[in-house]
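Listed features, source Swiss-Prot:
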- 4-24: transmembrane segment (TRANSMEM)
- 37-57: transmembrane segment (TRANSMEM)
- 81-101: transmembrane segment (TRANSMEM)
- 123-143: transmembrane segment (TRANSMEM)
- 152-172: transmembrane segment (TRANSMEM)
- 195-215: transmembrane segment (TRANSMEM)
- 240-260: transmembrane segment (TRANSMEM)
- 285-305: transmembrane segment (TRANSMEM)
- 312-332: transmembrane segment (TRANSMEM)
Amino acid sequence: MRRLLLLLPLVVVAARMQIEWLWFNQFNLANVLLERWLLQVLLAGVAMLPLLAARAWSRQFRQQRLTSSQGISLRGWPYGIALLICAVVVLISALLTLDLLALAISDPFQLGDWQSNVWPHSRIGSVVKLVQVGGIGLAMTWLRLRPWLGRIVAASWVVVVSRTWGIWSLALWIPNESTKDPLLGADLSFGLGRFAGLHLALDLLLLGATFTLVFELWRVLASSQAISDWASPAFSPRQMRLIRLLSALLLFGAAGLVWLSRHQLLWTQHGLVAGAGWLQAHMTLPLRGFATLLLLLMGLALLLPCQRRLRQFLALALATLVMLETLATPLTRWLVVRPREFALQERYLKNAIEATQWGFQLDQIKSQVDDPSRFSPTDREEGASTLENVRIWDSGPLLEANRQLQQLRVYYRFSNAAVDRYPLNQDSDSSQQVIVSARELDQSALPRRSKTWQNRHFIFTHGYGFTVSPVNERRDDGLPSYFIKGLGTETKIAGNPALGIERSEVEKEIPVGDAALYYGMLPSPYAVAPTDIAEFDYPEGDINVMTHYQGSGGVPIGTWLQRCSAAVYLREPRLLFTNAINADSKLLIRRDVRSRVKAIAPFIDFRGEPYLISIPDAQQGSSNRINQNSNQRQQHQYWVVEGYTHSSTLAYSAAVSPDDSDRYLRNSVKAIVDAYNGSIRFFVSEPEDPIVNAWIRGFPDLFEPMQAMPLLVRDHRRVPEDFFNVQVNQLKRYHVDDPQIFYNGDDVWQVPSEIYGGQKINVEPYHITAQVQGNNNSEFLLLQPLTPLARPNLTAWLVARNDGDHYGELELIDFPKDKIILGPEQVQALIHQDPDVSEQFGLWDQDDLELVQGNLLVLPVGSGLLYVEPVYLRTRKVGLPSLARIVVSDGRLVAMDQDLNLALDQLMKKAPPV
């Protein structure tokens with residue numbers, strides 16, 4: 001029986017390994033999983049080496065007989081203090097090891113900065129923490145349990161080292177950047193990849209050595225005889241040599257950490273300088289260099305025979321250095337730096353500006369000054385392509401309308417609405433902007449009686465279909481217009497005569513097909529398909545249309561061995577007793593696309609909301625083939641997931657915010673996930689990023705160059721709004737190149753505010769279709785207006801290009817500083833001051849009706865600026881928004897109508913001749 005119990009963990013591990021292997025194998029990436037396993041086994045073996053050394057040290061220490069008359073012993077209060085210190089250190093080091101273990105299991109890539117992720121923000125609850133303290137205390141006092149405490153700490157140490165394979169791999173694989181930091185001369189790759197590995201290695205070695213030394217001392221001091229006598233047995237000379245040996249190792253490790261702390265100064269904010277300033281360069285760095293030398297000498301003094309006075313002198317010198325850094329640093333800052341701060345800090349401010357611009361790709365911005373004229377009929381004619389695609393539907397109101405008009409059943413959910421573009425009008429040089437929203441299955445919305453095990457895992461397995469709406473059109477009743485709506489055989493595909501778009505073009509460019517969505521944004525439980533039980537596909541009137549999964553994705557569980565492994569993996573014994581599973585059945589797991597791609601590439605940070613694309617002929621020809629593993633059915637729907645590499649240890653780069661410590665960020669990976677089969681491909685969008693190049697070096701079969709991305713998918717690339725927002729945030733202060741202007745702070749920008757739905761919010765970036773200087777064709781752009789700090793007038797805007805070879809390029813349009821250009825908040829005030837508009841708003845916003853002013857857009861049209869704001873009406877009870885009016889302004893006059901062109905006609909009539 002005992003042997004069976006010992007075999008049980010092995011059975012669980014074997015089952016999990018089999019399911020993971022089969023899951024990776026469906027993508028032909030089993031070699032990636034095997035490499036990760038081998039790395040973890042190798043690291044576990046490496047971690048065993050210091051543990052074996054610690055065990056040998058402990059064995060040597062215990063072999064020496066302790067006496068009460070020979071050697072060094074402690075009595076009275078010194079003994080009591082030593083006993084207390086040992087108890088506290090053993091408790092803290094054991095708790096810290098368990099916290100590191102918890103972090104290594106939950107998110108091992110956070111261990112590179114474990115100090116800010118473990119304490120004080122421990123991931124273990126207070127009750128569990130109390131249980132841990134009680135258990136450790138019991139093991140320390142109960143002689144029979146004491147060896148188990150050491151074994152648990154040692155095993156935890158091995159698991160932590162093994163689980164952090166990503167940190168060690170990045171440190172080994174990252175290539176040199178060939179750019180050095182301006183103060184210490186280290187290659188930038190040291191901070192981006194190697195520092196975390198070195199620091200963690202020293203931390204773990206120090207933690208292990210500390211626990212080993214103090215645990216053995218505690219074993220001696222806490223013996224029943226010692227406590228009874230309130231005196232420790234005497235330590236023999238050999239034991240003292242062993243103690244000095246391990247103490248010297250601790251000093252050498254501390255010297256390494258102090259040396260590395262010199263580099264930490266380069267990515268720590270010091271006043272205005274995002275890194276080491278004059279004070280750190282001329283005082284802190286030398287002091288820490290001397291401290292490193294003293295720690296090394298102290299370690300050598302413990303190993304080599306020398307006089308006691310020398311050791312005391314070295315300890316006193318180290319204490320003096322610590323006092324100097326603690327006390328002299330603020331005095332020097334006050335007496336020396338503050339009186340002539342800019343003169344001393346100019347060089348370091350320049351370093352911070354250049355590093356921050358490089359860290360967030362602000363150095364690639366192309367700047368130009370534009371002096372916009374007043375909007376005129378000529379601008380209206382020249383900017384026709386921009387006006388054709390003005391977004392009058394915000395994502396929020398359209399999503400709410402979708403939920404009320406197109407969810408169709410209680411268990412469907414539209415979780416997001418993404419702006420995209422499709423070439424629907426062959427007579428136009430620009431693509432049609434649309435909002436795409438996927439209809440996913442939300443199992444949490446199933447009625448309670450329907451939440452049976454069979455329903456959740458065998459029948460309700462997938463969502464179905466999506467809606468596509470033009471951003472610039474509405475129905476006569478004010479509700480959204482649709483190119484695609486409905487689902488199943490009742491899916492309606494329509495053109496739009498007002499936009500010059502025919503139904504055939506919509507069918508060609510946005511194919512629907514059998515739009516079953518087995519993978520999506522919403523968290524979904526595992527599904528088993530196909531089985532002998534038919535799956536719910538979509539409703540058709542009062543009838544439910546059923547289907548069977550025909551995709552290539554999933555883990556095969558047709559054999560009994562596979563089914564047993566799946567039951568163990570999911571902790572679901574019912575899989576063993578159901579008669580529904582057949583030889584073709586597969587287990588579909590990790591159906592949330594973000595967790596799906598994260599499981600394969602945990603070293604890439606997948607942020608933001610994925611967005612759905614639907615493209616034609618995705619599998620015809622090698623250049624357009626997305627799902628290379630499936631020949632069962634033609635699939636049109638795919639999810640695009642944005643992946644990032646980031647670092648908080650780039651020298652002199654400023655952190656994004658107090659809550660976001662990133663000092664380096666790249667949108668380096670784009671993952672494409674088949675919404676039906678679940679297949680995944682990873683494309684590298686930043687080939688010059690040293691971090692992603694490290695992972696390419698380690699896993700060459702995982703990544704593909706952007707040139708390998710099918711053209712149909714490449715046409716739907718977008719600069720992620722998350723990444724763009726970070727760039728805008730850093731640009732607000734770091735758009736200047738002159739350290740004097742930066743120091744004075746007289747050219748700081750901010751994101752403007754607007755009133756949306758009665759609340760004051762920051763203006764979010766929005767997509768427009770417009771021409772960029774030097775390109776005669778209109779492009780799909782992401783735009784963010786900017787205003788001076790504490791002033792509402794417009795000062796600049798940042799534009800990200802999304803089309804073709806210009807993808808990712810940034811254009812900064814500066815407006816003349818001597819000219820007043822109204823910002824969004826000022827234009828909204830102008831709108832409310834217009835008597836006709838104000839009167840109409842007052843008539844609407846009363847009783848059961850609620851008026852919602854949408855996002856105010858500032859648009860470059862021709863050589864002028866045009867402000868456009870949609871106005872929605874909704875009842876307070878039902879909340880179905882309808883587009884009531886469109887307000888336009890040229891910055892002086894305001895006009896409003898039900899149609900954009902009619903509103904522009906009114907504006908032109910009001911405007912004096914130019």
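Keep in mind that glycine also has a Cβ here, set from the backbone N, Cα and C atoms.
Under the criterion of 3 or more C-beta pairs below 8 Å, with sequence separation of 6 or more, the transmembrane segment (152-172) and the transmembrane segment (123-143) do not qualify as touching, having fewer than 3 such pairs. Away from its own ends, the transmembrane segment (4-24) comes close to residues 30, 32-33, 37, 555-556, 561-562, 564-566, 568-569, 587, 589-590, 599-600 of its chain (Cβ-Cβ under 8 Å, at least six residues beyond either end).
Contacts between the transmembrane segment (81-101) and the transmembrane segment (195-215): present, as 3 or more C-beta pairs lie under 8 angstroms, all at sequence separation of six or more. Most Cβ pairs under 8 A with the transmembrane segment (195-215) among the ranges 37-57, 123-143, 285-305 are made by 37-57.
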